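According to TrEMBL:
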- 24-62: region 'Disordered' (REGION)
- 78-490: domain 'Major facilitator superfamily (MFS) profile' (DOMAIN)
- 117-137: transmembrane segment (TRANSMEM)
- 144-162: transmembrane segment (TRANSMEM)
- 174-194: transmembrane segment (TRANSMEM)
- 206-225: transmembrane segment (TRANSMEM)
- 237-260: transmembrane segment (TRANSMEM)
- 307-327: transmembrane segment (TRANSMEM)
- 339-361: transmembrane segment (TRANSMEM)
- 373-394: transmembrane segment (TRANSMEM)
- 400-418: transmembrane segment (TRANSMEM)
- 430-447: transmembrane segment (TRANSMEM)
- 459-484: transmembrane segment (TRANSMEM)
- 495-515: region 'Disordered' (REGION)
- 497-506: compositional bias 'Acidic residues' (COMPBIAS)
Amino acid sequence: MAAGSSSPNRPAYSYALVPNQVGLDDLDEPARPSKPGQFTEHLEDGFLTTDDGVTNSVSPEEEEAAERALVRKIDRKIMPCLFAMIVLNYLDRNALANARVQGIEKSLNMKGAQFNTAISILFVGYIALQIPSNLLLTRVRPSIYLPGCMILWGILSGMSAGVQSFGGLVTVRFFLGMVEAPYFPGALFLLSSWYTRKELALRTSILYSGSLLSGGFGGLIGAGVQSGLDGVFGIESWRWLFLLEACCTITLAIAAMFILPDYPHTTRSFTPAERALAVKRMQTGSHNVERGSLLSGLYAAITDYKVHLLAFIILTKTSAAAVTSFIPTLVSTFGYPQVTTLLLVAPPYVFATLITLAVSYSSDHFSSRATHIILPMAFAASGYILAACTLHLAARYLSLFIMLSGVYGSYNVALAWISSTLPHPVEKRSAAIAVINTVGNLAQVYSPYMYLERDAPRYLPAMVADATVCCACVGAAGLLWWCLRRENLRLEAAERDDGDDGDEDGGNVGKGATGGFRYQL
């Protein structure tokens with residue numbers, strides 16, 4: 001088949017990596033004008049391309065196959081690396097919860113609410129850098145920036161092993177929060193730059209399931225360290241825990257610099273045709289590539305009522321999720337030895353991971369967000385109510401399964417709802433993700449103080465408060481569903497009246513402009 005021609009009796013179209021077509025000036029391999037017979041065609045990774053990287057005369061069936069091949073390659077490039085990074089992110093962040101069982105409070109002579117302060121202070125530093133970091137991420141290479149931050153938090157996590165006082169622990173935890181801040185919102189932004197709205201919830205779920213598995217791994221690692229390394233070379237087990245996790249973090253961060261991609265239009269490990277298709281499908285999915293100023297993106301985010309509702313949803317969910325910093329503490333009230341306590345931490349996290357993946361798959365499959373938030377959060381509320389009502393050991397352990405699976409089963413859906421509701425411009429989407437995560441993590445500053453030692457073993461104030469915020473989350477998700485449904489009706493009416501009528505978030509709402517943009521409900 002000659003370049004630029006198409007087979008008879010089938011629809012054909014072409015697309016190419018041409019800077020002025022996608023609005024980008026920094027593509028390093030622009031297409032060149034072709035002459036008859038100048039280039040030969042070949043099939044590479046499912047793409048029909050010419051030697052200069054131009055994809056021509058592709059039928060819908062061929063493009064569908066090409067897109068499937070591209071998504072598989074994106075998955076291989078992004079998901080394993082981000083998954084491993086988030087596992088270590090949460091292992092380092094939550095190591096303190098397991099260190100409490102291993103005796104860090106006794107070693108550092110901590111009293112009263114000092115442990116709660118050590119948990120809380122990390123998020124003061126964490127919140128401080130989220131918004132500026134995510135705005136910066138639109139101007140730098142994620143493949144260097146995110147692993148670079150990871151190296152820093154690995155170093156600080158290792159420094160936790162050397163602290164000799166409560167003051168030293170608090171100082172290290174504050175700076176640990178600052179260098180951990182870029183990772184999670186940055187990972188969400190990177191996912192939303194490569195995956196369409198229909199693909200996003202499942203990938204977000206797979207990513208965030210790493211944080212859940214880290215809770216289970218943390219308990220298992222803590223049990224192994226406690227039984228095998230406590231006292232070796234005169235070093236306490238909780239110090240070994242920080243040292244081992246820091247070494248793993250730094251090693252993975254160095255490897256990630258050579259694995260992670262950047263953005264669809266700049267990643268050189270993809271062929272020109274692959275980059276062209278990646279850009280094209282994100283434009284089709286309403287994640288366009290238009291550029292604006294950083295401050296205008298921030299202003300657009302903070303003045304959008306949808307950002308406010310999404311931030312409240314994440315705030316309530318994060319408030320309820322504060323229990324994760326105290327799962328080892330809650331299990332320790334069962335009265336088992338240290339190693340057994342740490343082993344019992346793992347099963348609720350594994351169960352929650354399975355539920356999370358199932359809920360997110362269903363959310364993507366049915367293109368439904370609100371329902372997949374409301375039902376799991378109602379389920380979570382029942383877990384907190386159960387824990388508040390009884391001291392029976394089996395019932396309290398069951399409540400941990402219900403709490404974690406309910407809160408985290410819907411958390412990824414809420415994160416995916418952010419990117420699909422605020423598709424572009426990229427500066428607004430980046431700022432919105434950071435703003436929402438910043439507001440959400442405010443809960444991590446105050447919520448540790450709900451789990452005061454004087455309230456053990458039932459921790460009634462915490463359980464009542466968590467059940468209440470679960471109900472508030474259900475109400476906020478229902479309100480956002482109603483608002484977006486109303487917006488969709490307005491978009492439909494605008495299309496009927498004028499196919500070129502505009503919308504603040506969706507660009508032109510006419511089908512010719514966006515393929516009929518609709519908010520996911």
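Glycine too: its Cβ is placed from the backbone N, Cα and C atoms.
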At a threshold of under 8 Å on Cβ distances, which of 206-225, 237-260, 400-418, 430-447, 459-484 pairs most often with the transmembrane segment (144-162)? 237-260
Does the structure show the transmembrane segment (430-447) and the transmembrane segment (373-394) touching, where I'm treating 3 or more Cβ pairs under 8 angstroms (sequence separation 6 or more) as a contact? no
Could you check if the transmembrane segment (307-327) is in contact with the transmembrane segment (459-484), meaning 3+ Cβ pairs under 8 Å among residue pairs at least 6 apart in sequence? yes
Other same-chain positions with a Cβ less than 8 Å from the transmembrane segment (174-194) and lying at least 6 residues past its termini are 74, 78, 82, 85-86, 89, 92-93, 121-130, 133-134, 137-138, 142, 145-146, 149-150, 152-153, 156-157, 160, 200, 203-204, 207, 260-261, 263-264, 278, 282, 287, 415, 418-419, 426, 429-430, 433-434, 437
